[in-house]
Every structure is written in structure tokens, then in C-alpha cells.
Amino acid sequence: MSMVLKAAWGLLIILSVSSSWVGTTQIVKITYKNFYCPFFMTWFSTNWNIMFFPVYYSGHLATAQEKQSPMKKFRECSRIFGEDGLTLKLFLKRTAPFSILWTLTNYLYLLALKKLTATDVSALFCCNKAFVFLLSWIVLKDRFMGVRIVAAIMAITGIVMMAYADNFHADSIIGVAFAVGSASTSALYKVLFKMFLGSANFGEAAHFVSTLGFFNLIFISFTPVILYFTKVEHWSSFAALPWGCLCGMAGLWLAFNILVNVGVVLTYPILISIGTVLSVPGNAAVDLLKQEVIFNVVRLAATIIICIGFLLMLLPEEWDEITLRFINSLKEKKSEEHVDDITDSSVHLRSRSRANGTVSIPLA
């Protein structure tokens, strides 16, 4: 029953993760029609991360039998920074590099959406799984896996084909570079997180993401201000800002991050990754309806190759042993069925022989 419940939650999480990511990407494209300030949009949406821990604590109050005070829960979850919890030194030392990588990942993703379609950007971003493997293999000395090297090669092939799909047009190459840069910084974030902070439960992840939001609000707020006064990202008045689109984008981005972390607790982590890769056909469907993309053979092949490479990355480390055990079990089952067939035929032969007054002894 627990497995069935996990599978049901998994299906719901897959649909929610892919829908939230597709929604975020498409709202960004809509916002760009009248408002193009990618760094301000990144900064604004990252500030919403502050709400992650309050959302987690609300869930704790609703579901936990032994309820804890906000401060006690906050201190418990702050152990992700070390046994002493969150200190000012650790806040600056541990949060700063991750906050910069988080901002770069999202900013480059938004820049790519100006140059490419939502389908292309979401497909290229899936290459981050291949980059995570390569960095983990080099930096963390993770186990070498031939199938993941093949997947990494497929990802690189898909990147080149995506640039070729528009005959290496300047905007296309720049857009591909932005999307690949976003995937690379995302991979670096994940590898460094594993290296310095290890694995985190849901509460610790909520605490850490909220801390990133606070760091963004306190230390990165000067950047959009500078961009505004230097006319790099300028708008006429705050009333003219598309608040509906901005809040919709930030809300869906926050929902995506929450769903990814909730999904790991409620269901199987592999399903979260499947939900992410399903954003590619989801964005493709929306782009086709909006008539914003024409799928030529090269673009379609590149998208499929990248997605297959992403799925190959999801194979467990012992996938070869599992496959061999599965094949052997099928062979054993087939041989048992063959023995049963021989036994049944010999019994049938004996019965016929007895009916004719003779006894037949089958050969071994």
C-alpha cells in the first residue's frame, strides 16, 4: 500500500513539477513582450525564496504530532550549516557562493529565453544532469559509468545540433551559450552543495533556500539599483511594472523549488527528474499552439537526443548488475517453464501408454 501511495504521489508531483516549470518559462516569454529587465526579474523572484521556510513550518504545524516553536524548528534545521548552527561567519561564507551561483543560473536562463524559444532553452537546460556527472566524476571522484559518458556526449551533440538548427545564426549561438551557461552553473551549485553541505532533509533545504533569499535581499539588491540608474534595466515608474506577470513568475518558481524538495520526501527522486524533462514536451506543445516554433528535423533530433541523454543519467550506479540479474531471472523462469512443459508432456505420455496397456519411461 505504501508503494502504491508513493506512486500516486509521484504521478501528482511529476505533473506539478513539469507544469510549474512550463508555466514559469512561458510567463517569462509573455513578460518580455512589454518588459525586458532579466536581472531585476531574477532578483525579484529570488526574494520569494524567503517564504520557503515559513511554508515548510506551516506544513509542520499541520501534520506533525509534536509541534515545535518556530525558533526551535529554525535552530534544528540550521544544523545544515554545522553543529553550531547558523552564525554570521557561516552565513557569509556558505551562503555567498551559492547565492551567486543561484543568481547566475536563473539570470542566464532568462537571457537565453530572449534569444531562443522556450522549448530550446528547457531542452538545453536538461544538459545540467550531464554536467553534474562530469563535475562529480572529476571533483568528487564519483564512480565512472560508461553509460553516463555516452549521455554526456549525447548532451554535447544535442547542444551543437541546436545551434546548427538555425544555421549558426548569431542570436542562436548566443542563446545556446546562455542556456548552456545556466545548466553549467546549476551543475556547479549541486556539486558544491554535495561537497560542502552533504545531503539535506526537507526542513534543512527549506532553511537553506530561505537563507539564500535573505542574502539576495540584503547583499544583491544594490545590483538592480545600479542597473536602473545606469539605464541598463530601466522602466518609467513602479506602477508601470507588470506586477501580475512578475508575481506569477516568482510564485511558480517558488512552487517549483518547493515541489522538487517535497517530492524527494513523498515519492521517488527519479520521478522529480522525469517531471523536469517533461517540461520540454510541455513547452513544445505551448510553443506550437502559439506558433512560436517550427520543428525542423535538426531541432527535433537535437531535443530528442538531449532528453534521451538526460534519461540515461537517471540510471542507478548498479544498473548493469540489476539488468544482468533481471535477464538471469527471466532465463531461470523460462527454463522452469520448459521443465514444467516436459513434465506435463511425460505425464500425458504415461497416461496414454497405460491406456494402451504399456508403460513408457521417458529418457532423462
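Keep in mind that glycine also has a Cβ here, set from the backbone N, Cα and C atoms.
Pulled from TrEMBL, these are the features on record:
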type	residues	note
SIGNAL	1-19	signal peptide
DOMAIN	9-163	domain 'EamA'
TRANSMEM	35-57	transmembrane segment
TRANSMEM	91-109	transmembrane segment
TRANSMEM	121-140	transmembrane segment
TRANSMEM	147-166	transmembrane segment
TRANSMEM	172-193	transmembrane segment
TRANSMEM	205-229	transmembrane segment
TRANSMEM	235-255	transmembrane segment
TRANSMEM	262-281	transmembrane segment
TRANSMEM	293-315	transmembrane segment
Spatial neighbours of the transmembrane segment (121-140) not adjacent in sequence (6+ beyond its ends, CB under 8 Å) are 21-22, 25, 109, 112-113, 148, 151-152, 154-156, 158-159, 162, 175-176, 179-180, 182-184, 186-188, 190-191, 194-195, 273, 276-277, 279-280, 283, 302-303, 306-307, 309-310, 313-314
Are the transmembrane segment (172-193) and the transmembrane segment (91-109) near each other by the rule of at least 3 C-beta pairs under 8 angstroms (pairs 6 or more apart)? yes
Per the 3+ Cβ pairs under 8 Å rule, pairs at least 6 apart in sequence, do the transmembrane segment (205-229) and the transmembrane segment (35-57) touch? yes
Do you know the mean pLDDT across the domain 'EamA' (9-163)? 88
Excluding the flanking five residues on each side, which residues at least 6 beyond the ends of the transmembrane segment (35-57) place their CB within less than 8 Å of a CB in that stretch? 28, 70, 73-74, 77, 102-103, 106-107, 110-111, 114, 202-203, 206-207, 209-210, 212-214, 216-217, 220-221, 223-224, 227-228, 233-235, 241-242, 245-246, 249-251, 253-254, 257-258
Chain residues outside the transmembrane segment (262-281) and at least six past its termini with a C-beta under 8 angstroms from it: 6-7, 9-11, 13-18, 21-22, 25, 119, 122-123, 126, 129, 201-202, 303, 306-307, 310-311, 313-314
Ranking 172-193, 235-255, 293-315 by Cβ pairs under 8 Å to the transmembrane segment (147-166) puts first 293-315
